Amino acid sequence: LTCLICPEKYCNKVHTCLNGENICFKRFNRILGKRYDLGCAATCPTVKTGIVQCCSTDKCNH
């Protein structure tokens, strides 16, 4: 699985996930402004504030 890993909304940097990391995620936090966290995870992350989107195909966290 390959996921995007940039902190910007429009990202072209990809990362090959490690064994056991089967999820790509995108986390957006409105409190901090336009901040995006993208990457790989074993499970979909949970957050107290903001929005998280998870998916399981290559580069799906755009």
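From the backbone N, Cα and C atoms, a Cβ is placed for every residue, glycine too.
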Per Swiss-Prot, which of C11, C17 is disulfide-bonded to C6?
C11
Pick from C3, C44: the cysteine that Swiss-Prot pairs with C24 in a disulfide bond.
C3
Candidate with the highest Cβ count within 10 Å, taken from the disulfide-bonded residues C24, C40, C55, C60:
C24
What subset of the disulfide-bonded residues C17, C40, C54, C60 lies within 10 angstroms of C3 (disulfide bond) at the C-alpha level?
C17, C40, C60
